[in-house]
Structures are given as C-alpha cells and as structure tokens.
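Colleague: Feature annotation from Swiss-Prot assigns topological domain 'Mitochondrial intermembrane' to 1-14, 87-228. Under the heading transmembrane segment, Swiss-Prot lists 15-45, 59-86. Under the heading topological domain 'Mitochondrial matrix', Swiss-Prot lists 46-58. The annotation Cu cation A1 binding site is assigned in Swiss-Prot to HIS160, CYS195, CYS199, MET206 on the grounds of similarity to another entry. The feature Cu cation A2 binding site is assigned by Swiss-Prot to CYS195, GLU197, CYS199, HIS203. Per Swiss-Prot, the feature Mg(2+) binding site maps to GLU197.
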Amino acid sequence: MANHSQLGFQDASSPIMEELVEFHDHALIVALAICSLVLYLLAHMLMEKLSSNAVDAQEVELIWTILPAIVLVLLALPSLQILYMMDEIDEPDLTLKAIGHQWYWSYEYTDFKDLSFDSYMIPTTDLPNGHFRLLEVDHRVVVPMESPIRVIITAGDVLHSWAVPTLGVKTDAIPGRLNQTSFIATRPGVFYGQCSEICGANHSYMPIVVESTPLPYFETWSSLLSAS
C-alpha cells in the first residue's frame, strides 16, 4: 500500500499494473523532452536579437507539424496495447462478483455453490493494533495468487467504483449493469483499495481489501467459509 509522503505508484502486484507504471515512465520521458525543448527555444529567443525580416519558413512549419504527430503516435501505441490488455479476459480460474451498496461491498464466488459475504469497514474503535484506519474490513476478499481472476462488478443502489491501485484495477459499479475486469496477483499479500466514485455521505468508509494467497490456503479458506 502507499506510504506517507509517497510520490510514486504503489508497488505493482499484477502484470497490468507493471505495464501502467512502464507507460507512465515512458510518457514522463516524452513530456520532459518536450518541456526541455520548449525552455531551450524560449531561452534562445530571449537571448538572441530578433530580426524583423519576414521569410517563408516552410521547413519549420513542416517540422512542427510532423514532430507532434510522431510524439502522439509514440504515446498512443503503448496506450492502446494496455487498453486491449485490460479488456482481455482469457479463461479465468475464478469468477468473483462485487456488488456495491451504501456503504459496504457484497461478494459472491460464483464458482462455488454457497460462498458469499458482506464486507464492512472495521470502525476505528474496534480496530486491532497495527491495522490501518479506514482501510480494514471484517471480511477480506481472498483469491489464489498467479491465477486469472475475473471480477463482475455492479451496484445495488447508486454509482460506486471498485478500485485496487496495486492491482491496476478500477471499474465502475453501475446499478442494473454488469461490468467486468480481470487481474492476476503475482505475489502473496494484502492489497488495499477504496470506492472511487462519490456515492454519498459515507463514501470514504467503503474500503476494499484483497488478500492473495497460495492455492492450498485459498482452498482451505473457501472450505471453512462454505462450511460456516
């Protein structure tokens, strides 16, 4: 999760997030190059004497037309690749349904006969020592690591948004509509997110906690939860 005074992204825990971080660095390099060029030209114009001679500058016009087009292509190609990757859902090992409510989340594991629960934020007064304020929940979403997970997202009342930054996931939850996304958790851990669509007075109290575990631990957890 994010640390205090952190300026960069959270550590990537999925292939999609790794691609997003690389694209951010790529776009930042392009932006810095453009800013450096503009600042150099401004400094050059300020220090050099200007000539009032009007000349035909077809070469300059050609350069400032073609160069921005090349820059846009360099930004568009990796962006389109990531967009297609985010929309691709290829034979998921597990399907999870997330339903947004005011102000909690409900989860259903559709591959299991009877595995569903509600996930509420733990109030600050009940929070154990060492846990994170406004981010901990009473029931975490547990998924097997290194497995394709499909998440079907909807809402039961107003607009919500299911977002876990370290997994590179953010999908709107819309009443009467099913949206879907997917991710692969590449390492074990606990990943925190929050509702990312203003949904009412307690919008800030809708945390999301995804716990990635090895497959044997997930199977044990699902068996115990189904039995209870």
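Using the three backbone atoms N, Cα and C, a Cβ is placed for every residue, glycine included.
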Colleague: Quick one: Cα separation, HIS160 (Cu cation A1 binding site) versus GLU197 (Cu cation A2 binding site), in Å?
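Modeller: If we compare the Cα positions of HIS160 (Cu cation A1 binding site) and GLU197 (Cu cation A2 binding site), the gap is 5 Å.
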Colleague: Would you mind splitting the topological domain 'Mitochondrial intermembrane' (87-228) into helix, strand and coil residue counts from DSSP?
Modeller: 23 helix, 61 strand, 58 coil
Colleague: Determine the mean pLDDT over the topological domain 'Mitochondrial matrix' (46-58), rounding to the nearest whole number.
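Modeller: Here the mean pLDDT over the topological domain 'Mitochondrial matrix' (46-58) amounts to 67.
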Colleague: Go ahead and report the DSSP secondary structure tallies for the topological domain 'Mitochondrial intermembrane' (1-14): helix first, then strand, then coil.
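Modeller: Going through the topological domain 'Mitochondrial intermembrane' (1-14) residue by residue, I get 0 helix, 0 strand, 14 coil.
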Colleague: When neighbour density is defined as the number of other C-beta atoms within 10 angstroms of a residue's C-beta, which of the binding-site residues HIS160, GLU197 has the lowest density?
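Modeller: With the binding-site residues HIS160, GLU197, fewest surrounding Cβ atoms within 10 Å: GLU197.
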Colleague: Count, for each of the binding-site residues CYS195, CYS199, the other C-beta atoms lying within 10 angstroms of its own C-beta, and report the residue with the smallest count.
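Modeller: If we count Cβ atoms within 10 Å for the binding-site residues CYS195, CYS199, the smallest count is at CYS199.
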Colleague: Setting CYS195, GLU197, CYS199, HIS203 aside, what same-chain residues sit with their Cβ within 8 Å of the center of the Cβ atoms that define the Cu cation A2 site, listed in sequence order?
Modeller: GLY100, TRP103, VAL158, LEU159, HIS160, SER161, SER196, ILE198, GLY200, MET206
Colleague: List, in sequence order, the residues of the same chain other than HIS160, CYS195, CYS199, MET206 whose Cβ lies within 8 Å of the centroid of the Cβ atoms of the recorded Cu cation A1 site.
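Modeller: Leaving out the recorded residues gives GLY100, GLN102, TRP103, TRP105, LEU159, SER161, ALA173, GLN194, SER196, GLU197, GLY200, HIS203.
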